[in-house]
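Heads up, the thing below is written out as structure tokens.
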């Protein structure tokens, strides 16, 4: 009962913060559109480029200046919400382990990484749009494909260690269990690392050896059943569709004029695109959620078939307890919003499968 009351209180506080945030975001977006803030900011960012002695006619430099200004304004807007979520809601219930200094350090580090990686990506994207011609969609798709592969490869090696301590898993029962599990599935296991986020949050630090092994069996099930490959291939369909829609927006001079622009900068095209195709994005997200949810149920069944049904069930419950995540929700809302089924849905599926097997 104590856990339930804590969950309800935390979820209510997060929901209220979410509604306030969304209301404020909508209000700011309306103000930006109604008062032509974007055209004004675009012109001022060009003036800034000139002030530092660079060529404002260079769209890449002009766009980077504009995005820097937009990012600064966005961070000023988001910062109070992040502070409240971390140091009021999370801290009130003992979930937050961060200090203000650590919070600011991680925030600054994140901004630096975004700047170092974002600037060349934006420059390359603008170059592709400017020179892609009739093959723009194909070139941009290949660029996004390369970016996905690079992110998957580089993030765990270079970026994640900047925020959490990552060390090799020491010898012991857990390591033996994981190695034996990987060997039985012919999983190409090379190294096993532990990512320690205990200095930032108390979430997800509540599992026994058997439960961790069961959850890893679930993850290896995704690999064995080719879910990662299927999801990656399936993702290319909405990516291509959205790139095609962006190409349409890019060619429409009338849309840029409606938003107050007499030229057609690439970054503004992306901004307009994000606003007018949001219904399509929601539909695509819903379809991808259906695929993801199906994969989660199948990976749970895979772990159960390996003999980890009870341990997986216990591990999922403990994860729920530690993370104070949603236990159950309306099935239609769940299908629309969540890429992972809520706990009750997963437990019901596991129980049904275990009953059929017994």
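Glycine is treated like the rest: Cβ placed from N, Cα and C.
Bear in mind that TrEMBL entries carry predicted annotations, made automatically and left uncurated.
Range annotated as transmembrane segment by TrEMBL, chosen from 69-88, 189-208, 229-248: 229-248. Checked against TrEMBL, the range among 135-155, 303-323, 324-344 recorded as transmembrane segment is 135-155. Checked against TrEMBL, the range among 42-63, 108-129 recorded as transmembrane segment is 108-129. Of the chain residues outside the Zn(2+) site list 218, 222, 296, 219, 221, 227, 295, 298, 299, 300, 302, 303 have their Cβ within 8 Å of the site's Cβ mean position. For the recorded positions 219, 296, 300, the ranking by surrounding Cβ atoms (within 10 Å, all protein chains) places 300 first. Around the Cβ of residue 222 (Zn(2+) binding site), the same chain contributes 228, 295, 299, each under 8 angstroms and 6 or more positions distant in sequence. A straight line from the CA of residue 300 (active site, proton donor) to the CA of residue 218 (Zn(2+) binding site) spans 6 Å.
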